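Undergrad: Before I ask anything, here is the structure I am working with.
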Amino acid sequence: MHFSFVTLFPNIIEGYFSDSILKRAIDDGKISIDFYNPRDLTTDKHNRVDAPMIGGGAGMLMTPQPLMDTLSKIKEESPEAHIVFLSPVAKPFIQNDAKRLVKKEHIVFVSGRYEGIDERVIERHADELFSIGDFILTGGELASMVLCDAVARNVEGVLGNSVSLEVESFEASLLEAPSFTKPINYENNEVVSEFLKGNHSKITDLKRGLALCKTKFFRPDLYKKKV
């Protein structure tokens, strides 16, 4: 699977893929990444990629020409590319989106800067828009990395243990049950005894019960949908 990042600051993103699971996935050929900097295609004589908002408003917007030309270039090179814009006004990205997007061959993440992107770019090129929450970041790079990580870990072979994907939070519309490791007793706080008895059927039932309790406490919105 291939991921492209359209960003004015590729170094911010590049470092994230230089270690750990996603680096191994790249080395093993499970995923690949590349970068497109709109500044490379700007026709502005001063190499600018931003301008004041028409009609007034604080701050600057990314101008349409560099982004339009960059995205058109990507679509010419890769007609199947699925272009995703990151915006706080968009719908929240959820786990089901990650599982759906992993079926795409090529995803392009467009990272905004300044006060955002000229709306005409979004209207022409966006296949989807996503938000990672009701808050504002200084740029879209972090959000792009979040989405890429969430999608990439669903690519077959990226995680060493595929079972991990089946028992994670949100996979059954519930939060994941509490997990424990050694020591069994730590500072007079013991692991639930049922986990130690080896009865896998009872452990499964216990985990589901704990997952329901955890979801009800931390995410009552999910709990209401489940029950």
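Including glycine, each Cβ sits where the backbone N, Cα and C put it.
Found this in Swiss-Prot, in case it helps:
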BINDING   Gly112, Ile132, Gly133, Asp134, Phe135, Ile136, Leu137  S-adenosyl-L-methionine binding site
Undergrad: At 10 angstroms around each C-beta, which of the binding-site residues Gly112, Gly133 has the fewest other C-beta atoms nearby?
TA: Gly133
Undergrad: Select one residue from Ile132, Ile136, Leu137: among these binding-site residues, choose the one with the most other Cβ atoms within 10 Å of its Cβ.
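TA: For the binding-site residues Ile132, Ile136, Leu137, the Cβ with the most other Cβ atoms within 10 Å is Ile132.
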Undergrad: Compile a sequence-ordered list of residues in the same chain as Phe135 (S-adenosyl-L-methionine binding site), six or more apart from it, whose Cβ lies below 8 A from its Cβ; state 'none' when nothing qualifies.
TA: Pro88
Undergrad: Using DSSP reduced to three states, classify Phe135 (S-adenosyl-L-methionine binding site) as helix, strand or coil.
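TA: Phe135 (S-adenosyl-L-methionine binding site) sits in coil per DSSP, no helix or strand.
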Undergrad: Largest pairwise Cα distance, Å, within the listed S-adenosyl-L-methionine binders Gly112, Ile132, Gly133, Asp134, Phe135, Ile136, Leu137?
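TA: Spelled out: the longest distance between any two Cα atoms in Gly112, Ile132, Gly133, Asp134, Phe135, Ile136, Leu137 is 16 Å.
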Undergrad: Asp134 (S-adenosyl-L-methionine binding site) has how many other Cβ neighbours within 10 Å of its own Cβ?
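TA: For Asp134 (S-adenosyl-L-methionine binding site), the 10 Å Cβ neighbour count is 8.
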